Amino acid sequence: MPCLLCPSLLCCLLLVLLPFPLASSSASNGDTVVITSSGPIKGKQVLSGLGSVTAYLGIPYAEPPLGKLRFQKPLPHQPWKQPLEATSFGNACPQFIFRDVPEAEIWSPKTPLSEDCLSLNIWVPHPQPSAPVPVLVWIHGGGYLMGTSSLELFNGASLAATENVIVVTINYRLGALGFLYFPPAAPGNLGLLDQQLALKWVKENAAAFGGDPSWVTIFGHSAGGASVNFHLLAPKSQDLFAQAVIQSGTANAFWAWRSPEEAKQISLEFLHLLGCSEDNKISLGHCLQTKNVSEFIQHEIALFLKGGFLLNFPFRPTTDGDFLLGEPEKLMEEGQIQVKPVLIGETSDEAATFVHYVFSNVTHNLINQEQLLKGIQLLVPNATEDVVQSIALRYSEGNHSPAKYRSALSYFYTDRIFTCPFIEAAGNIRKTGSPVYAYLFAHRPSWSVWPEWIGASHGA
């Protein structure tokens with residue numbers, strides 16, 4: 001498997017995403033109005049510091065999933081006739097905002113929270129390229145529970161300006177609103193179907209913005225990376241993109257997916273918390289559609305915290321027989337995955353921040369042997385005592401210092417949560433004949449607010 005070792009992840013992306021000379025951008029374009037299949041859209045010119053782009057922000061790609069459309073598959077937005085002023089970001093999807101953690105300010109939405117949140121943002125080089133350029137579509141992470149496309153971290157202006165590409169970021173439904181699975185009232189995978197509809201819109205309208213609809217790359221991080229992986233497995237996503245980048249999260253990871261049985265069980269527990277009876281399908285649908293969204297968030301967090309570990313995301317993708325036809329791991333093992341170029345990888349210290357969270361009350365997270373064993377058991381609760389001891393010995397290498405125990409737990413978490421699924425996924429994708437490239441990102445950001453011992457962690 002080729003490995004691209006670059007000084008930055010951007011370098012890695014560009015090596016795969018831009019395999020041909022960059023198109024010329026000599027054409028002048030003083031008008032920011034673009035005619036799309038939905039209607040005319042007016043953007044605004046933005047100076048990124050590295051060049052000029054036209055930004056089209058908050059474009060609705062689906063009807064707002066409100067009222068009777070809550071827990072329904074997304075519908076394309078009704079066309080409009082007058083130019084849409086796409087000059088500010090749309091709403092973020094409903095979610096709980098964690099404020100008392102490092103980097104909370106960076107990852108928290110700056111736009112209002114609303115179910116009317118199914119929008120996307122586009123950054124186009126200015127002047128608009130005279131020849132079609134590649135299109136990059138970003139899918140944000142956040143455990144299917146939080147996140148939004150409008151974070152400053154995801155601003156595509158600089159990338160569009162410097163590399164002559166079009167950058168798109170998308171919103172999708174989160175938490176129970178996006179992934180509750182109790183059919184027919186809640187069909188599941190609605191967040192993935194939102195992504196799919198957004199990709200259809202991008203494919204349909206890429207040319208209007210100067211993009212090449214045959215050269216769309218989807219890329220995402222964490223749950224966004226797993227989402228990219230799911231689209232590689234989804235038959236109805238096959239024609240919507242040409243290549244994929246999977247960052248720090250794969251569909252076969254234990255945290256990325258639930259079996260239908262597990263999904264129904266957690267959904268049933270959620271229905272009970274909401275006070276919605278599952279006995280009558282008609283009344284259940286009405287109950288779900290009329291509950292206040294704040295109740296959804298309140299009970300989602302209760303289920304999240306009840307799990308006892310950071311990755312206990314209550315609502316995740318599942319096998320629904322529509323978007324996803326089987327278990328991700330089996331589908332990949334059987335080669336039922338689209339043959340497309342894939343770049344896949346992780347950071348060098350993915351799970352170090354998880355150790356920091358688990359032992360936040362321990363000075364410098366310097367743990368003892370007993371805490372190491374407890375930390376291991378937290379991630380593999382069904383393991384026997386002998387297995388837990390073997391894992392501790394393997395990762396600590398017989399070194400009994402607190403710093404070594406800390407790094408041992410970090411590396412075990414990284415392997416279990418990210419590396420092992422990543423290696424397995426990359427191998428199965430490669431068996432299909434797809435070109436597969438791997439990267440390891442090891443640069444600790446200069447702006448990191450984490451303790452010094454945490455290197456290039458998840459989200460670096």
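Yeah, the Cβs are placed from backbone N, Cα and C, and that goes for glycine too.
Pulled from TrEMBL:
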ACT_SITE  S222  active site, acyl-ester intermediate
ACT_SITE  E350  active site, charge relay system
ACT_SITE  H458  active site, charge relay system
DOMAIN    31-459  domain 'Carboxylesterase type B'
SIGNAL    1-25  signal peptide
Open item on the list: According to DSSP, collapsed to three classes, what secondary structure does the residue listed as 'active site, acyl-ester intermediate' have?
Closed with: coil
Task: Protein Cβ atoms within 10 Å of H458 (active site, charge relay system), excluding its own - done: 22
Task: Assigned conformation of E350 (active site, charge relay system) - DSSP reduced to three states - done: coil
